[in-house]
Amino acid sequence: MGVFTFQDEYTSTIAPAKLYKALVTDADIIIPKAVETIQSVEIVEGNGGPGTIKKLTFIEGGESKYVLHKIEAIDEANLGYNYSIVGGVGLPDTIEKISFETKLVEGANGGSIGKVTIKIETKGDAQPNEEEGKAAKARGDAFFKAIESYLSAHPDYN
């Protein structure tokens, strides 16, 4: 098994606490409203804390698909949230698990900087596919921007 680590950063005009609330605390409600392709977010196991598994159902290529998302850690005081993709179409056959360690910090002009570390654990001696990595980054960028756009369009959300 190999572990491959990547880091990325997103900037937003939304304040860190407000963005965190939308991305973590109210995610099950906000994400399907903000991200056009996501139909639903539902808890399939757990109570919403670490260890909880959520099913995100979305439309891709005209078909309904899903990913299983496991909450690894929630750190409200430091605006941190760690989760893993543990099943569904978001996990190619060569990948054991994809983990995301996220943290929001204060950005310019009251906005946010989202810092994310992505760890891909492969099965056997498989190597991550570069195209899959680029596609995953593009989905992450689009997701983050969709949440930011939703919050900008709904300034009363807090």
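Backbone N, Cα and C define each Cβ position, glycine as well.
Now, the feature entries from Swiss-Prot:
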| type | residues | note |
| --- | --- | --- |
| BINDING | Asp8, Tyr83 | trans-zeatin 1 binding site |
| BINDING | Pro32, Val35, Ile38 | Ca(2+) binding site |
| BINDING | Glu60 | trans-zeatin 2 binding site |
| BINDING | His69, Tyr81 | trans-zeatin 3 binding site |
| BINDING | Tyr83 | melatonin binding site |
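DSSP assigns His69 (trans-zeatin 3 binding site) to a strand. Packing around Tyr83 (trans-zeatin 1 binding site) is summarised by its Cβ count: 21 other Cβ atoms lie within 10 angstroms of its Cβ, all protein chains included. Same-chain neighbours of the Ca(2+) site beyond Pro32, Val35, Ile38, judged by a C-beta within 8 angstroms of the site's C-beta center, are, in sequence order, Ile31, Lys33, Ala34, Glu36, Thr37, Gln39, Ser40, Val41, Leu56, Phe58, Ala146. Least crowded of the binding-site residues (Val35, Ile38), judged by neighbouring Cβ atoms within 10 Å of its own Cβ: Ile38. Of all the Cβ atoms in the protein chains shown, 10 others lie within 10 Å of the Cβ of Glu60 (trans-zeatin 2 binding site). Rounded to a whole number, the distance between the Cα atoms of Tyr83 (trans-zeatin 1 binding site) and His69 (trans-zeatin 3 binding site) is 7 Å. Cβ neighbours within 10 Å of His69 (trans-zeatin 3 binding site), excluding its own Cβ and spanning all shown chains: 21. The least crowded of the binding-site residues Asp8, Pro32, Tyr81, judged by other CB atoms within 10 A of its own CB, is Asp8. Checking Cα-Cα distances from Ile38 (Ca(2+) binding site) against the binding-site residues (Asp8, Glu60, Tyr81, Tyr83) with a 10 Å cut-off leaves Glu60, in sequence order. In three-state terms derived from DSSP, Tyr83 (trans-zeatin 1 binding site) belongs to an extended strand segment.
Candidate binding-site residues: Pro32, Val35, Glu60, Tyr81. Nearest to Asp8 (trans-zeatin 1 binding site) by Cα distance: Tyr81.
DSSP classifies the residue listed as 'trans-zeatin 2 binding site' as strand under the three-state reduction.
Counting only the Cα atoms, the space from Tyr81 (trans-zeatin 3 binding site) to Pro32 (Ca(2+) binding site) is about 19 angstrom.
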